[in-house]
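Colleague: Have a look at the structure that comes next, please.
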């Protein structure tokens, strides 16, 4: 990792803090797919998880360290509370990476000290440097975070930062854990650290923030102006509660407005050199991948990657854009990887054309996954005259980006109408290989299907969200269904796509149940509460 003071280090925590979004549970293969996409995107550091949280988290971090943390790849980071057990777990999980980092933390705000840790300032001032020094026995790259720094006493914050830097911390991260600060306050906090921590020049100042007041990105940009050189963010801004600072928004703000930010990094104002290492043309593909795998849809008006981000409905705006895009667009859609080159495939398109177009869209499938997706494509081509890139994305997502198929839907039939009681019959293959058939009635066809499935699966759950949207226009469009289930306080998402939304609804429900069932099978004996910064 390049630690030059004239550029911004991008630290991605999609796989750690982002996965703490309700319903965003990922399996090992999905985490690896996202990590590979983040490496292609060009992030400097990937926080791959919290190794002590569970055996599954440990294995995922270790696998990412081995397969993505190569000599030319990003630094792989693991989170650890300021305890020897956590730090040892992180150190062991990160061993395979060429470049690794342990990120350890402890709370410093008075409210956290009193009610969560039940420790004094003196206790924490002793623990933090001791644990940083212990982390240094595993790696030379150690990051320390004073949790809830935004509400901590500045003088105590200066003390603890000086102590951990003396103990060997190479990065000190300042989290606005509850999204409480405003840009002016957060900028002043970073400025105060720069001016009052005597050894601050020996460490990189990082920032981490939550979006509870919608100010995370603005806070980060103000922090950059005051000396922050690492930004901790997530794809699509996913994360606990209202989420984290969005990587794509930060990167494009620094890209589009670099002439404004250049002087704050000691550069000539007119320098065209990028302020980050991000390959912006990978942004859109990475956004879609994360959305697909987590089941967290991107709102249409989301900055940079939303469906409407480059759409113009006003006649005046449309006229201006047609004459010159700069009239109403401050950035080129192609700069984030969007393209107007929509190649239409049909039933006469062959396997090679299919593979080629998927590669152009950023999908690198194994032969087995390609075979499954191609068969699905040919089936769809018999129903639709033209298949667009959006259709292809839905096919790949539905066929290859699913949890382990513990329960498999073999058959679904429904009977309904305005003068009939909705009835559903389903056949499911269980994890033990048995085929079980059952039926149920409901308030509608989807309700009947879900009741019939529950009679077979018998895993208690609560359906808390059901949504369906058209992938493309037209009466023959693919319908994409996303659902969320709650079980014992945890949320599991599922998705599926089909030209028949009843079938898609059934498959989405099975997808979510498979995630839930897989989670129940995991050994959670060593699963501490999920950490939060």
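The first residue you see is number 1, and the count goes up from there.
Even glycines carry a Cβ here, placed using N, Cα and C.
Quick paste of what Swiss-Prot says about this protein:
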type	residues	note
DOMAIN	8-269	domain 'Pyruvate carboxyltransferase'
BINDING	17, 208, 210, 244	Mn(2+) binding site
REGION	408-533	region 'Regulatory domain'
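Surface or core, plus neighbours and distances: that's what I need for these features.
Modeller: Around residue 210 (Mn(2+) binding site), the same-chain residues at least 6 positions away in sequence with a Cβ under 8 Å from its Cβ are 176, 177, 178, 179, 216, 239, 240, 241, 242, 243, 244.
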Colleague: On the 0 to 100 pLDDT scale, where does the domain 'Pyruvate carboxyltransferase' (8-269) sit on average?
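Modeller: Over the domain 'Pyruvate carboxyltransferase' (8-269), the predicted model scores a mean pLDDT of 96.
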Colleague: Could you give the number of helix, strand and coil residues in the region 'Regulatory domain' (408-533) as assigned by DSSP?
Modeller: 34 helix, 54 strand, 38 coil
